[in-house]
Amino acid sequence: MAGELVSFAVNKLWDLLSHEYTLFQGVEDQVAELKSDLNLLKSFLKDADAKKHTSALVRYCVEEIKDIVYDAEDVLETFVQKEKLGTTSGIRKHIKRLTCIVPDRREIALYIGHVSKRITRVIRDMQSFGVQQMIVDDYMHPLRNREREIRRTFPKDNESGFVALEENVKKLVGYFVEEDNYQVVSITGMGGLGKTTLARQVFNHDMVTKKFDKLAWVSVSQDFTLKNVWQNILGDLKPKEEETKEEEKKILEMTEYTLQRELYQLLEMSKSLIVLDDIWKKEDWEVIKPIFPPTKGWKLLLTSRNESIVAPTNTKYFNFKPECLKTDDSWKLFQRIAFPINDASEFEIDEEMEKLGEKMIEHCGGLPLAIKVLGGMLAEKYTSHDWRRLSENIGSHLVGGRTNFNDDNNNSCNYVLSLSFEELPSYLKHCFLYLAHFPEDYEIKVENLSYYWAAEEIFQPRHYDGEIIRDVGDVYIEELVRRNMVISERDVKTSRFETCHLHDMMREVCLLKAKEENFLQITSNPPSTANFQSTVTSRRLVYQYPTTLHVEKDINNPKLRSLVVVTLGSWNMAGSSFTRLELLRVLDLVQAKLKGGKLASCIGKLIHLRYLSLEYAEVTHIPYSLGNLKLLIYLNLHISLSSRSNFVPNVLMGMQELRYLALPSLIERKTKLELSNLVKLETLENFSTKNSSLEDLRGMVRLRTLTIELIEETSLETLAASIGGLKYLEKLEIDDLGSKMRTKEAGIVFDFVHLKRLRLELYMPRLSKEQHFPSHLTTLYLQHCRLEEDPMPILEKLLQLKELELGHKSFSGKKMVCSSCGFPQLQKLSISGLKEWEDWKVEESSMPLLLTLNIFDCRKLKQLPDEHLPSHLTAISLKKCGLEDPIPTLERLVHLKELSLSELCGRIMVCTGGGFPQLHKLDLSELDGLEEWIVEDGSMPRLHTLEIRRCLKLKKLPNGFPQLQNLHLTEVEEWEEGMIVKQGSMPLLHTLYIWHCPKLPGEQHFPSHLTTVFLLGMYVEEDPMRILEKLLHLKNVSLFQSFSGKRMVCSGGGFPQLQKLSIREIEWEEWIVEQGSMPLLHTLYIGVCPNLKELPDGLRFIYSLKNLIVSKRWKKRLSEGGEDYYKVQHIPSVEFDD
């Protein structure tokens, strides 16, 4: 395999010498001789690659060739850049600094001669070791030819890998839907067995999605961080409307304690299914599980190679162990992938190939992953001869008869997976090895990956009939997906592969091969020792999740070509001198905090750089020397918004190779950037007329993605003339922030036939006719358009539209009509800020696939369409509308699961029997006019979560809710005692959350089976413990600003099941805990209670207590030797919190 990678490098060097031949004037003879030597060298490499496994001497020769070729490429490419850029201001001085590498033309001639001699010597050595000369094909066919040759091995759906799993899925779904006895289910078995596939089928099963109102999927991995796992779970469980960048940032900034508290509360109040995929150790589960409350609303599915993850003594736990596929099922799976046909009559399997296939799948040991990879590999081989060769390779490796299902199964499967790598063409080997940069279970952005590949010239778009880098990257990912080596699916809105990742076992192969080839050096915590510096010999270096990186101290490898940081948060860049890294092609400093906010001017010395990313980095000043980087194809300056004022010099016009450019969102107004020369751009983000001229866009005819801010005064004619010729656009966003542009009566006409996503925030009183809209449009967002005519008759004819958002002031009319059969593909409709809209008519069969409807701040809308609101709606949010009583219309929607009503104006709300048959969650917020709510028997039979906020005139809850498990009440000051929870109602209620109620209900009005109670902002005068401690099943209590008295007592025998108690911001002075109170308490948190004189003496009798978190002011008293240490000395963990 190394031979093929070296052959790839040889071809790159050949290309350099051929394409830049005119620059080698004066050394033409030496160049011609070197090219001849390279041709001869290529003819030996294939046989050398085959023999390196059995000969250490041949292996040494291959490694020496790699060094020769890479060194030659570094020197000759620097020479080429010297010739190209030597006359550019600032470059001549820099090139002189490279005299140690490329001094002058005479010495370059001597160097080329030296390289030729080294090649001659290594060829002679290989011949003496028995390596033979062979005729080889070109290393890479043009993309178009390969596309014609590629056999389409997969159907459009992904059922090809779904063999013999139906019964397992059915059984597992039963544990989550029908069985209440099991709260935790694990799927365990060896890698590649299909555990994740099985879990995914359960996670997406219709019965499961109907059962739970919240779902979260988190990949844990071998080297996970607890904080990251909790962040991902919280991100999945948060309500959809909160999924903003601000919310994401808030979650990322949470401490572990805050995350644990948020998740604990969220899981107590919801019916959730959490999947933790790929847990490695029992200890990992032990540190994750504190977020799970003792209540029964949640369920957990684990996958692991370790059967002892959860203690089997837990009666709520069940372990499911799938078996390897039997021979017949193995053959069925293999056949679906290696011979993908819809009709058996279309294709007859060659008898010899069938026998060879049956023989080879024996080595897969019934592992689905190994079978799929083998099938994908053989699907690319067309002849019996190819199949025989692969069969012999497998057989020769597995000596000693290791072919039995149970005989060294892992070794057999690992070799099958390794062989799939060996069978890749050389360009795909490089692509695959690049995936070793990323941590386990990391979602890799395919767009970034494509530009990494292009920057290292793994592919060169100029070879492929004008294809853009993103297109070529998609083709390569598709080939790896087809071979079952990479996991990814095309996004339905963009038709592209947006993210990808590796199966665990394929990642092990990837890391192993990358290590064998010295392809990449991986480190997680950058050491600054000379010992580390001396060990970094790879030409690629990646830091995973660093906290600090000092370039000068941590990196000392002048041959380094790629430096990449992979992180989920910000990190400190202590030093940014790149003077020793002048051969870098790729530099990714995502989310770096640069010292002083300045990018060092020495960045301009990296003249080989093709990829530079400062995405979300904290930097305010970009140096003028950036203009030296003439070879950049990717430049991301979308820096952190915390950098309010950013200086970018006008040096970008010389970067004529740029394909991707993201500018800062905020640039100093005085800065003017000339961009007209960047005609090869494929993506341009954050273009602003404040800093650039619209006319610069005219020549960027290759653009696929364009986002524009119109700030300076402009005209529609200028805009149309500037972007009208960009016919390949797929995504366009135009935001008018003060251009005072006014459109003509006919609206804006864009002839973008490939456009899929369009966002317009500008004045546009008329829409173009539907024939002028791109026919492939899938996503449309309109805002501030002030459309005078109903937009629906035009928009509903966009046959591919899946998401439509009519934002603030997008329509100024009164009536909208959605016609019969209109919007045939629409799945999500959002309407907000339409001040004059008052009438909405929906005809039968309109929007037949609509799932989500959001209407916000449309105060004149009095009612919803009575008859033909799409019946498949599953989620509806209505806020700040003039609707008086939408319930009669909504309760007929038989698939509705989530309903949120906020700031409506009705006085009475009646839910009739049989209505809302599938509703799981109901949120009523700020219904100021609501005085009475009636729920008839049989209404909302599946409702398990009810949230009521600031419904000030509503005095009590209605009867009913037989399945309700979570009740959340906020600001119910006027409710009568006893009306919060009526005795005998809500028999399954286990979580109660009350905020701002001046009086605590009597104990007879609390359901006796409550397990969780949160009291917030109540300031009740009487001791709440007197009532709460009598709730025999209570396991979690949280009191926040909920007691205004001075003394609280927990009586002996009280709180018999309590496990967690949290008390914050209470003015109490004395707390007494009698012996025998809270005998099962394991976690106690006391925060910001400044008047509490001392912790109760009774804590020393709570032997179950494992975790105590208190204010730092208690540290002296509770530490060893302190006066109250005796109260807490038995507690394993005592933390002092701010």
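The backbone N, Cα and C atoms fix where each Cβ goes, glycine too.
Taken from Swiss-Prot as is:
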| type | residues | note |
| --- | --- | --- |
| BINDING | Gly189, Met190, Gly191, Gly192, Leu193, Gly194, Lys195, Thr196 | ATP binding site |
| DOMAIN | 166-422 | domain 'NB-ARC' |
| REPEAT | 544-565 | repeat 'LRR 1' |
| REPEAT | 582-606 | repeat 'LRR 3' |
| REPEAT | 607-631 | repeat 'LRR 4' |
| REPEAT | 655-680 | repeat 'LRR 5' |
| REPEAT | 681-705 | repeat 'LRR 6' |
| REPEAT | 754-774 | repeat 'LRR 9' |
| REPEAT | 798-825 | repeat 'LRR 11' |
| REPEAT | 847-871 | repeat 'LRR 12' |
| REPEAT | 873-893 | repeat 'LRR 13' |
| REPEAT | 894-918 | repeat 'LRR 14' |
| REPEAT | 1055-1078 | repeat 'LRR 17' |
| REPEAT | 1115-1138 | repeat 'LRR 19' |
Quickly jot the same-chain residues contacting the repeat 'LRR 11' (798-825) by Cβ under 8 Å, restricted to those at least six beyond its ends, or write none.
492-493, 761, 765, 770, 773, 775-792, 831-850, 857, 860
Most Cβ neighbours within 10 Å: which of the binding-site residues Met190, Leu193 is it?
Leu193
Env. residues of ATP site, Cβ within 8 Å of mean position of Gly189, Met190, Gly191, Gly192, Leu193, Gly194, Lys195, Thr196 Cβ:
Thr303, Arg305, Pro322, Leu367, Pro368, Leu369
Which range out of 582-606, 607-631, 754-774, 873-893, 1055-1078 gives the repeat 'LRR 1' (544-565) the most CB pairs under 8 Å?
582-606
Would you pick out, from the binding-site residues Gly191, Gly192, the residue whose Cβ has the largest number of other Cβ atoms within 10 Å?
Gly192
Spatial neighbours of the repeat 'LRR 12' (847-871) far in sequence, C-beta under 8 Å, 6+ residues away:
241, 808, 814, 818, 822-841, 877-884, 886, 889-890, 893-895
What counts of helix, strand and coil residues does DSSP assign across the repeat 'LRR 5' (655-680)?
0 helix, 3 strand, 23 coil
Counting other Cβ atoms within 10 Å of each Cβ, which of the binding-site residues Gly189, Gly194 scores lowest?
Gly189
Suppose we draw a 10 Å sphere around the Cβ of Lys195 (ATP binding site). How many other Cβ atoms does it contain, all chains included?
25
Cβ under 8 Å to the repeat 'LRR 4' (607-631), counting only same-chain residues 6 or more beyond its ends: which ones?
77-78, 81, 84-85, 88, 90-91, 94, 448, 451-452, 454-456, 561, 570, 582-594, 597-601, 637-640, 642-643, 645-649, 651-652, 654-657, 662
Tell me the Cβ contacts of Thr196 (ATP binding site) under 8 Å, same chain only and six or more apart in sequence, or just say none.
Asp277, Asp278, Thr303, His503
Determine the mean pLDDT over the repeat 'LRR 3' (582-606), rounding to the nearest whole number.
91
Reported in the order helix, strand, coil, what are the DSSP residue counts of the repeat 'LRR 17' (1055-1078)?
0 helix, 9 strand, 15 coil
Could you tell me which three-state DSSP class Lys195 (ATP binding site) falls into?
helix
Please spell out the DSSP helix, strand and coil residue counts for the repeat 'LRR 13' (873-893).
4 helix, 7 strand, 10 coil
Per DSSP, how many helix, strand and coil residues does the repeat 'LRR 11' (798-825) have?
0 helix, 9 strand, 19 coil
Distal contacts, the repeat 'LRR 5' (655-680) - CB-CB under 8 A, six or more residues away:
451, 454, 461, 468-469, 610, 615, 627, 629-639, 641, 643-649, 686-688, 690-693, 695-702
Going by DSSP, how much of the repeat 'LRR 19' (1115-1138) is helix, how much is strand and how much is coil, in residues?
8 helix, 5 strand, 11 coil
